[in-house]
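Notes to accompany the following structure.
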């Protein structure tokens, strides 16, 4: 079993802890709590780079080892890092569990050392018709991020 963890912090007061767990070669389960967000849906993605030297902007595009267009987590044609949206309650907190088969913690497409990013707006899942729908889900700015590391 592999385990990863990421603690999120941002200059905008967003903070949280996200855990990644993979059983054998199976799917990865992502569980977390993030607070300090406006209520509603927020895009949630694994980005290609584990670089936060220029804040969340340094994390690069969505993790996309197969060169596909942006989509929903259940779509066959999607970036590996497309994890959809997290739902934030009226108290500004999101508590979530996501299970996904395209974000392993080991092997050539491992997400360890990459970044997880929470966006300012909802991800349209590639179906919004906006010029950014098929690249970013038109999810707006990056409000919090952190590098995914191994956990003992």
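Cβ coordinates are placed from backbone N, Cα and C, and glycine is handled just like the others.
Because the structure is a prediction, the values reported are computed rather than measured.
Annotated features, as they stand in Swiss-Prot:
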BINDING   45, 47, 62, 119  Cu cation binding site
BINDING   62, 70, 79, 82  Zn(2+) binding site
DISULFID  56-145  disulfide bond
Closest of 45, 47, 62, 119 to residue 70 (Zn(2+) binding site), Cα positions, binding-site residues only: 62
Minimum Cα separation from residue 45 (Cu cation binding site), reported as the residue among recorded positions 79, 82, 145 that achieves it: 82
Remaining residues near the recorded Cu cation site, that is with C-beta within 8 Å of the centroid of the site residues 45, 47, 62, 119: 43, 44, 46, 59, 61, 63, 81, 82, 117, 136, 139, 142
When distances run from the Cα of residue 119 (Cu cation binding site) to each of the recorded positions 56, 79, 82, the nearest one: 56
Chain-internal residues, separated by at least six, CB under 8 A from residue 47 (Cu cation binding site): 59, 60, 61, 62, 63, 81, 114, 115, 116, 117, 145
Alpha-carbon spacing, residue 56 (disulfide bond) to residue 79 (Zn(2+) binding site), which is rounded to whole Å: 19
Additional residues surrounding Zn(2+), by Cβ distance to the 62, 70, 79, 82 centre under 8 Å: 45, 63, 64, 68, 69, 71, 78, 80, 81, 126, 135, 136, 137
In the chain carrying residue 82 (Zn(2+) binding site), residues 6 or more apart in sequence that have Cβ under 8 angstroms from it: 45, 62, 70, 71, 72, 73, 75, 123, 125, 126, 137
Binding-site residues: 62, 70 - member with fewest neighbouring CB atoms within 10 Å: 62
DSSP three-state assignment (helix, strand or coil) for residue 145 (disulfide bond): strand
